[in-house]
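Notes follow the structure.
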Amino acid sequence: MPTQYPLSPRFMLLSNITQFSPMFYLTGFPGLKAIEHWIFILFFLMYLVAISGNFFILTVIKTNRHLHTPMYYLLSFLAITDLGLSVSTLPTTMGIFWFNSHSIYFETCQIQMLCIHSFSFMESSVLLVMSFDRFVAICHPLRYSVIITSQRVVRAGLVVILRGPVALVPIVLLLKAFPYCGPRVLSHSFCLHQEVIHLACVDTIFNNLYGLTLVVFTVMLDLVLIALSYGVILYTVARLTSQEERLRVFQTCTSHLCAVLVFFVPMMGLSLVHRFGKNAPPAVHLLMANIYLFVPPMLNPIIYSIKTKEIRHAITKLLGLRKAKAESWG
C-alpha cells in the first residue's frame, strides 16, 4: 500500500460527494517541497526534449523522401508511441507543479492508465518489429526488399496500435466495478493499473491474473523474441571473416539495441519493485516509475539522431535549408 500523506480538505470534500465516481489523490513528489522548483525544471526539460525531439524525428522523416523506407516507417511508429507516452502523463504531472492539483476523477484516471499502458505495449511491439527488420537485413540481406515491404510495415503498425488497447480495455473497465475504501492515495503523479488495483476493497484475483498473463504474453514475449533475434544476429555477425565488416554490420543495430535497453530495463525494474518491493521506500517506487515513463521518450530521439547516419545527414540538410531561408529573408 502507498505511504499515507495528509489530504487537503478540498480533496476530502470532493471524495465524499463523488461516491459513485471516486476521486484519487496523486501524491506526486512527497517530501521534496524544498527542491520542488528544481524538479519542475527537470521534468519540464524532459517533456520539452521528448516532445520536440520525437516531433522533429517525424518531421525529418516526412520531409526527406529518401527516408520513406520500411526501416524509417518503423522509426516513425516509435516516435509516435513516445509522443503518446509523454502526452499521457503531461496533464497530471504538470498540473501538480503549476496548479497544485492532486485530485483526479476515477474516469480520468482510467483513461490515463489506458493510454499509459497502451503506449507502453505499443512501444514494446514496435521494438519487436524493428528487431525483426534488423534480423532480416543482416541475416537475409538479399531477401530484405521482398520480405520487408512498406505495405507489411503498415499492417504491422496497425496490429501494434490495436493490440494494446484491445487487450487492456477489459481490465481497465473492470476497475469501475470495484469498491474503493481508505484515503485512495496514489504514490505517483499519474495513474497506473498495478497501483489502483491495490486500493480495491474486494478480491481482485481476476485482474491480477489477467494483468500478469497480459504482461507475460505481450511485453515479456516481445523481449524473448527480441533476444532470440539478436542471438541469431550475433551468430551471423560472428561468422563474417573481416573484423571491419563485423563492426560495420553490427553498428546498424546499435541504435535499436540502445532503445531496447532504455525501454525494457526500467520496465523490468518497475515490475520487480511493484511485485517484490512492497517494503521498499516510497522514493524507490517513485524513481523507477518516473525513469520508466520519462527517460525512453526523451532518449530515443537523441539516440537515433546521434547513431543513425541518414538521420544525421537529414537533420543537417534540414537545418541548412532553414538557415539559407532565414538568410534570404534577412
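Cβ coordinates are placed from backbone N, Cα and C, and glycine is handled just like the others.
As annotated by TrEMBL, transmembrane segment applies to 12-32, 38-61, 73-99, 111-132, 153-175, 214-237, 257-277, 283-303. Among the features that TrEMBL reports, domain 'G-protein coupled receptors family 1 profile' is placed at 53-304.
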(request) For the transmembrane segment (257-277) and the transmembrane segment (38-61), check the count of CB pairs under 8 Å (sequence separation 6 or more) and say whether it reaches 3 or more. (result) no
(message) Can you work out which residues elsewhere in the same chain, 6+ from the ends of the transmembrane segment (283-303), have a Cβ less than 8 Å from its Cβ atoms?
(response) 2, 29, 31, 43, 46-47, 49-50, 53-54, 56-57, 78-79, 82-83, 85-86, 89, 116, 123, 187-188, 190, 192, 255, 258-259, 262-263, 266-267, 269-270, 273-274, 277
